[in-house]
Each structure stands twice: as C-alpha cells, then as structure tokens.
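> Here it is, the structure, as structure tokens.
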Amino acid sequence: METKPYLIALDLDGTLLKDDKTISENTLHTIQRLKDDGHYVCISTGRPYRSSSMYYQQMELTTPIVNFNGAFVHHPQDDSWGRYHTSLPLDVVKQLVDISESYNVHNVLAEVIDDVYFHYHDEHLIDAFNMNTTNVTVGDLRENLGEDVTSVLIHAKEEDVPAIRSYLSDVHAEVIDHRRWAAPWHVIEIIKSGMNKAVGLQKISDYYGVPRERIIAFGDEDNDLEMLEFAGCGVAMGNGIDAVKQIANRTTATNEEDGVARFLKEYFSL
C-alpha cells in the first residue's frame, strides 16, 4: 500500500458519473477506501458548485473543489481556506450579448458563482440546468448584470457555433477562453482567459503539499486536457475524446464500466 498521500482529481460528467448521472456503489466504495488510507480525493468540474455539491456530499469529501473549469475554487467546509474567483469583465460580457443577438441565438446565460442570469426566459433550460433552487434572474443581461461574471454560456443554433467561436477567437482571444459543450447541447462556454482545471488543481495540491508525481487526474473531454497534463498520472476514460487519450499517461475503461474505480483498484492494489 502507498504510504505517501496522493491527490486524486475527478471530473464528473462522463468520468466519475455514469450516463444516468449517478456514482456506482463500486466507485463510492473505492473512493472511501482511498480516503481511509489517507489519500485526498477532490472534484474538478466545469459545473458550478450548486450542481456538484450533491456528489461532494455523497462521497463525504473534506477537500476543496474546482468549479467552472478553474474559475472558482473554494473549500465548502472551511471558509478560511479562501475563495478564488476569476471573473469576466462586465464590459466584455455585454459585447458577448451583442454578438449573440446578431446571431439570433436561443439564449445567453451569465453565472455569478451560484446566481444565474438568463437573457431570455426559457423554462426548458431552467429545468435542464436544475435551477429551480437557484437565484434566477430573467431579462436583458446588459441591464440586469451589475458585476463581473464567472462564466457565460451561449446556447446557439448548431450551424452558427463555428462562426461564433471564430469571432470569439479573433476579437476576444486575450480576454476569454471558450469551449464547446459535448452533444447534444450546442453551447459555447466562456470563462476568463488562462483559467482551466489545472490552475485550480495546483491550488489544492499546493495546500496539501502533494507533488505533481503523486497527482492522479481523470477526465474525458477537452476541458480536462490541462489537468491531465498537469497531473503526474493523467488518466483518460475509455469514452474520452481522442485528444484526451493522446495526452493522458493511461487509458481506463468507460464511465459506464466503472473506469475510475477499476484504475484506482489496480493502481493502489485495493
């Protein structure tokens, strides 16, 4: 058994979670054994905290968490740890709304940590994003937003996504980073330039004094690339995109096949 503690970073969707958005009993049991052995387990996700807290609680974690792909990092159980919030300037957000309107997009959402602003009313999106328990404001973002935001989501027509992303790269490359969500959502997610999961993971590893060679990170999508590269052992899911598998040190089974648990059991001889 390993005696020095490892830091194990888990993406949620397509990685830790099965397709039905649950954690298998096998995976829960494996994570508990690693925690009992003194290892640190953390979540590193593109989701906001409000839609990842249930998994944090289910796994009974006691570590900081990375949300919004690194734009928000905090410790849910220790306010003194600090809150690292890297936001998008409000003037840039207003420009993003302008360009979105010119493409007649379905909607634009702005998130300020756990408050959500919709440019247009959209019951379907509110339900899909599980926002019924969230502070939701509907109306022109240029009027309703009074502070810098954590992230912007542009829900566009599929055929317009490449053109909008090209514009973002041409005009705002120094200020923002943008990614396209996996199907079926034709959503462009925008955060402050330079933010990624590795930035958040480094804050956590520094806090615990765990060197990179004792960090294991799991992921499946392009927002996991930097984190897998940062970790001493980056593990791609079997269902991951090719770019993730190419950059990873190892590839495990799919999220439906308990890929996380299978790798960890083998690695730590559980």
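Including glycine, each Cβ sits where the backbone N, Cα and C put it.
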> Suppose a student reads Swiss-Prot and sees Leu12, Thr45, Gly46, Asn223 listed for phosphate. Which of Lys94, Lys192, Lys197, Lys265 should they find annotated at that same site?
Lys197
> Say Swiss-Prot lists Asp11, Asp13 as binding Mg(2+): which of Asp206, Asp220, Asp222, Asp242 is in the same site, per that record?
Asp220
> Which residue, out of the recorded positions Asp11, Asp13, Asp220, shows the minimum number of other Cβ atoms inside 10 Å of its Cβ in this structure?
Asp13
> Between the Cα atoms of Asp11 (active site, nucleophile) and Asn223 (phosphate binding site), what distance do you get, rounded to the nearest Å?
9
> Round to a whole number and give the Cα-to-Cα distance in Å for the pair Asp220 (Mg(2+) binding site) and Leu12 (phosphate binding site).
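Between the alpha carbons of Asp220 (Mg(2+) binding site) and Leu12 (phosphate binding site) there are 9 Å.
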> Any idea what the Cα distance is from Lys197 (phosphate binding site) over to Asp13 (Mg(2+) binding site), rounded to a whole Å?
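It is 14 Å, counting Cα to Cα.
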> Go through the binding-site residues Thr45, Gly46, Asn223 and tell me which ones have a CA within 10 A of the CA of Asp13 (Mg(2+) binding site).
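Thr45, Gly46, listed in sequence order.
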> For each of Thr45, Asn223, count the other CB atoms within 10 A of its CB; which of these binding-site residues has the top count?
Thr45
